[in-house]
């Protein structure tokens with residue numbers, strides 16, 4: 001029976017770029033969403049930037065820009081990461097939007113009408129140097145529970161305790177280091193200690209959704225019980241301060257001038273705001289979709305560091321605002337490197353953008369993460385040697401190897417026609433059973449189990465193929481009898497049918513590769529669905545290279561270099577000092593344009609030059625000579641985009657006239673650091689566009 005699901009990931013804070021932890025969570029959710037869609041379910045998968053709060057306000061202030069400009073800068077980066085790792089959200093939004101303002105204020109008013117909002121005068125820390133009330137994250141001190149030092153003002157990263165900033169021991173301002181002073185201020189509290197909230201949360205945290213799946217994993221349920229019930233068996237939930245004083249970048253509380261919602265109130269509402277924006281764009285009924293009595297399942301993927309907000313505050317807010325409560329909270333751990341916490345200072349930090357920029361295949365990482373992730377709240381360890389071994393052995397050595405070997409025989413001897421000797425019902429039934437087992441593992445988020453089973457199937461296919469030795473039969477196939485030909489065709493057809501079934505099973509993990517297999521190799525006009533595993537293919541196209549092996553040397557470039565010692569002299573960028581400062585007017589004199597390399601050829605008599613024919617959108621072609629012969633083969637440059645100094649005076653050379661200069665980078669000491677790198681714009685740029 002088809003289901004409707006509303007799926008989210010935790011909102012990234014919009015004061016920085018995505019880190020590898022974000023990408024892990026998005027890949028985990030994306031695999032789940034793709035698998036559910038392959039099963040025929042309707043999934044609305046949305047995300048958003050968490051765009052409010054003091055950190056954004058203060059960072060923008062430091063940079064001399066508005067908070068909105070800061071948020072927009074990071075929002076503009078998001079597609080590069082998401083597209084790069086084949087993460088396909090239906091919609092990406094922001095909490096700094098009219099939808100989120102309206103929904104946050106509606107929920108607040110509903111809670112207030114239920115008698116769950118209370119105004120209290122509190123003493124709040126104030127930084128006398130900065131001249132502002134301090135948000136929780138800008139107060140540090142000793143945890144009142146476990147006495148760990150340098151903990152934030154709202155929660156302890158060591159023991160997980162949640163507390164009021166005034167409970168910290170020896171607090172200090174994280175902005176100025178000054179000892180904060182206490183000032184009185186009226187604040188608004190969500191009465192989480194109300195017996196109605198306590199009773200609901202005790203039921204919800206131990207309950208299950210209509211599929212029979214628990215709302216919370218066992219480890220998460222145990223943790224919430226610690227927060228819900230004291231040693232004496234009595235409820236111990238504290239009320240939640242949901243307000244902050246101006247100056248603050250956020251959503252104003254209705255009828256309370258100078259008061260704003262704490263970011264953790266409006267941030268999760270951003271899930272709903274993103275869906276509402278998506279529904280408006282697609283003509284869907286948002287209210288009907290999230291009707292508390294309706295069939296839609298609400299599923300959140302989050303990290304283990306934000307359980308408290310999602311397992312207690314969020315469900316209670318929704319429940320008593322008359323809205324749908326979450327059906328499932330999927331919590332994951334952190335990423336470690338070779339068993340240790342990632343650290344830039346130790347050179348074990350992984351930048352997702354660096355991963356893409358050095359040419360590593362996004363689907364290598366998707367596969368590796370799938371092979372390590374499960375439904376428990378466990379950290380995922382990235383081990384470089386294990387990464388290389390798994391990708392090269394599993395994906396290339398086992399999976400891709402099946403198609404590369406079997407398709408060659410079918411193409412060469414049978415013109416791409418597949419044929420099976422005998423009854424194929426058992427084979428189709430076997431694939432269907434295997435696919436259902438894998439589908440169930442993905443739905444249960446036991447990705448590592450799914451990957452193990454898939455590779456076990458690949459092993460069996462390879463073993464059967466090797467045992468049959470089709471290469472021996474193929475040697476004399478031209479003079480072979482019909483039975484031998486049929487036997488060879490059957491062996492290869494069954495191997496390719498198995499490869500197709502494996503591709504269906506891997507499609508949630510390797511969406512780009514599986515799409516190529518479906519469309520290019522087997523001639524399908526759509527991507528795989530789970531039911532395609534049991535449909536035996538009848539034709540195969542000539543095999544094309546599917547996946548490159550991992551070069552272990554790439555891993556040397558992947559990790560962010562360790563921070564330099566403070567005493568070490570600063571290295572010159574690119575081996576040379578920066579040029580003297582110029583004005584914007586000086587720069588404006590240079591007309592840089594996007595150019596397409598229409599043709600490229602060697603220059604007879606020159607050991608350094610290549611002759612480039614460039615289209616700069618002028619209606620004619622330009623001739624440019626460039627000293628890049630040592631770094632590029634002419635055929636590799638044809639069709640590429642590059643950057644041209646378009647208003648450089650033509651230069652008459654021995655070999656002709658050069659009408660501009662193509663930009664390329666190199667180190668000042670070319671002997672010590674050889675290499676020339678022609679600038680290439682991102683896809684989407686067009687010839688003639690000016691570089692500003």
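Any Cβ shown, glycine's included, is placed from N, Cα and C.
Using a Cβ-Cβ cut-off under 8 Å and counting only residues 6 or more beyond its ends in the same chain, the motif ''HIGH' region' (12-22) has close neighbours at 49-51, 53, 55-56, 59, 70-71, 74-75, 77-78, 81, 94, 303, 334-335, 342, 350-353. What Swiss-Prot lists as motif ''HIGH' region' is 12-22.
The Zn(2+) binding site annotation in Swiss-Prot covers 143, 146, 156, 159 and rests on sequence analysis. In the three-state DSSP scheme, residue 143 (Zn(2+) binding site) is classed as coil.
What Swiss-Prot lists as motif ''KMSKS' region' is 341-345.
Annotated ATP binding site per Swiss-Prot: 344, in sequence order.
According to Swiss-Prot, the domain 'tRNA-binding' annotation covers 586-692, on the basis of sequence analysis.
Here the binding-site residues are 143, 156, 159, and the one ringed by the most other CB atoms within 10 angstroms is 143.
Long-range Cβ neighbours of residue 146 (Zn(2+) binding site) (same chain, at least 6 residues apart, Cβ-Cβ under 8 Å): 156, 158, 159, 161.
When pLDDT values are averaged over the motif ''HIGH' region' (12-22), the model yields 96. Within 8 Å of the Cβ centroid of the Zn(2+) site, not counting the listed residues 143, 146, 156, 159, the chain contributes 144, 145, 147, 148, 151, 157, 158, 160, 161. For the domain 'tRNA-binding' (586-692), the DSSP-based tally of helix, strand and coil residues reads 7 helix, 46 strand, 54 coil. Per-class residue totals from DSSP over the motif ''HIGH' region' (12-22), listed helix then strand then coil: 3 helix, 1 strand, 7 coil.
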